[in-house]
Amino acid sequence: MLLDLPIKSKMITVRYRNNQLTSKRCHLFVITIFFGLTLFFTFLLLRLAFRRTATPLSNIPPEGNQYFRLPTTLQPFRYKLQIKAYLPYRQIYDFGTKNFTIEGAVRIDFTCLKNDNKIILNAKELQLRLADVRVSNHRNEEIRVLSGKQYIQERDDIHIIEFILDETFESGYNYSIDITYTGIIGDSWAGGLYKTNYETDSETRSLAITQLQPTDAARLLPCFDEPEMKAEFIISVIHPTNTSALSNAAINRIKTIDMLWKETYFEPTPFMSTYLLAVIRVWAQPQKIETVNFALHISCRILAYYEEYFAIPYPLKKLDIVAVPELRVLAMENWGLITIRQRLILYDERMNSYRDKRFVIDVLAHEIAHMWFGNLVTMRWWNDLWLNEGFASMMSPKAADFVENSTLRSSQYFAAEVLVKALAADEHTTTTQAISLKKGSDRGAAVLRMVESAIGQDVFQQGLRQYLKKFAYGNAEKDDFLRSFSQECKMIKDGGEQYPTNFSVFDFINSWIYQRGVPIIHVGNNNKAYENSLWKIPIFIGSGSSRRVVWLSEWNNVTIDNEKKPLVLDNDFHGYYRINYDIDTWYEIIDQLLLDHNVLPPASRLKLLDDAFVLAENGNIPYAIPLKMSTYLKNEDEVVPLMIFFARSDVILYRIFRHPNSSLLNIPS
């Protein structure tokens with residue numbers, strides 16, 4: 001990514017020796033240009049304008065209505081990319097017609113996996129000439145390019161280019177393609193390499209930065225832009241002398257070209273998708289640099305937590321975290337170069353609230369989790385994006401609790417801010433749709449936490465470690481992820497209290513992945529829980545370390561031995577389901593809350609309120625139950641039950657005011 005600007009960074013150098021963490025801090029003052037090329041290159045494609053008198057490009061539409069995928073005949077293993085950025089970062093600079101454009105040259109080395117005579121790449125709004133494309137074999141002998149074809153499908157934003165050769169690639173041999181091209185530094189909404197502005201010293205300046213997820217890497221370079229096609233990247237950036245460049249890898253050297261230009265060379269990256277410790281740096285504008293101290297120190301602790309949890313050291317030499325004035329998303333987990341909207345990372349305890357502080361921690365915990373889950377191991381295709389995002393959302397409360405020496409994120413706020421939202425989104429959907437790509441983060445996180453509680457935290461952690469170790473620097477899919485847990489579960493004797501006979505991790509988790517909707521567990525005064533279920537449902541009894549699991553599946557019911565009254569299930573709110581008690585049990589629960597609500601943990605009180613209001617709204621129970629239950633709140637001293645009450649009350653008030661007969665209530669305006 002490219003930046004301009006006088007920008008300062010705070011840096012901490014981290015070394016681990018005998019489990020001791022030492023650090024040193026220094027200040028850097030640089031005028032930057034961020035070049036963040038490994039920002040999620042994904043399925044990006046190109047619209048290429050061929051500027052040469054040749055046969056016009058013909059269309060190559062994909063078959064049927066399926067989303068176009070690149071053929072698997074070629075596998076890239078190295079990109080060598082040079083970008084020259086014409087960024088007029090101050091008003092006194094002017095490159096004429098080249099303002100906000102780039103000139104690029106890329107060599108892609110690839111292996112042929114199946115005999116073929118064509119190369120299909122992704123590229124988007126780049127300009128090149130067919131004469132500027134050179135293909136060579138492993139002996140560096142040129143292979144003539146006969147023609148080029150392009151296809152643009154607006155519906156799925158598909159832009160591809162196909163080169164036809166006069167020789168056939170042979171399986172097992174390496175080849176290269178060299179392409180020179182030009183592109184633009186566009187607007188933030190478009191993605192790719194884009195420009196944004198900031199104010200300093202009463203002057204408006206421009207910076208350039210990349211946002212390539214999910215389909216905009218090809219705005220930056222022609223590439224095999226699918227997450228499964230990982231490769232090494234060797235990058236250099238030519239940029240104005242008074243600017244600097246950042247990328248995923250550390251800087252190798254900087255060469256002065258002339259008075260106007262210099263070139264920054266970066267070390268090779270690990271194998272990574274086109275999208276996507278020694279040193280941690282946080283970058284911001286000079287006048288705001290003191291407000292990044294909190295983010296800097298928190299990032300070090302979060303990174304250390306994940307290294308220990310996953311038992312895999314952070315694999316890169318540095319981690320840059322850049323406060324960006326304008327970003328299309330809240331944050332982007334580029335490997336080694338995280339970008340975050342500026343207002344979300346700056347924190348001054350004299351000016352900002354605890355809520356702001358908590359948000360800084362949460363965002364950093366989420367994005368740093370992706371350094372392992374998403375970057376070290378990447379999904380094969382975007383249908384498993386929910387797993388990447390869900391995992392980061394599920395892990396970030398753990399890291400945040402570690403940083404604050406607390407349990408509030410995991411025990412309360414996750415339920416109130418993630419689980420409740422996921423359930424509400426799922427409430428009225430069908431049961432035949434898999435977790436969606438766009439809205440799967442909350443639901444994925446909620447299901448993953450339920451899985452962790454059902455199979456046990458130790459088994460879950462060991463399964464994750466096994467998965468990350470096996471697929472490091474590679475790609476995996478959902479079944480690979482599940483297989484890791486399945487192997488861990490097999491090490492525990494079947495038929496015990498935790499795992500029922502013939503327990504299958506695949507059946508259990510798949511029943512939640514491939515079905516939408518929310519099951520309702522019915523609990524009667526005969527202490528039986530039952531549900532006409534399409535899911536494999538873990539019923540949690542008790543809380544904390546004393547929590548145990550019974551399993552409800554298909555059309556069966558289970559009997560629960562319980563001496564205490566009232567019987568309240570899922571006290572920690574780890575289940576992704578609603579619980580509807582019979583009327584007598586509901587009122588026993590209400591009596592207990594009025595007598596001493598602290599007998600039940602805050603997450604349980606939150607769940608009882610949320611379930612009662614939703615069930616009443618859907619006509620399963622009378623509204624008298626949640627309204628009567630709410631009277632205990634006069635004694636409530638925790639935030640999350642009150643959050644749910646006010647949210648549900650807003651729904652009721654909205655419906656009252658929207659009712660055709662609301663005027664009969666004589667409510668003053």
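Numbering starts at 1 and runs along the chain as displayed.
Cβ from N, Cα, C; glycine included.
Heads up, TrEMBL stuff is auto-annotated, nobody curated it.
For the Zn(2+) site, TrEMBL gives H366, H370; the one candidate out of E349, E389 that the record lists there too is E389.
Looking at E367 (active site, proton acceptor) and E389 (Zn(2+) binding site), their Cα atoms lie 10 Å from each other.
Mapped onto DSSP helix, strand and coil, the domain 'ERAP1-like C-terminal' (569-657) counts 64 helix, 4 strand, 21 coil.
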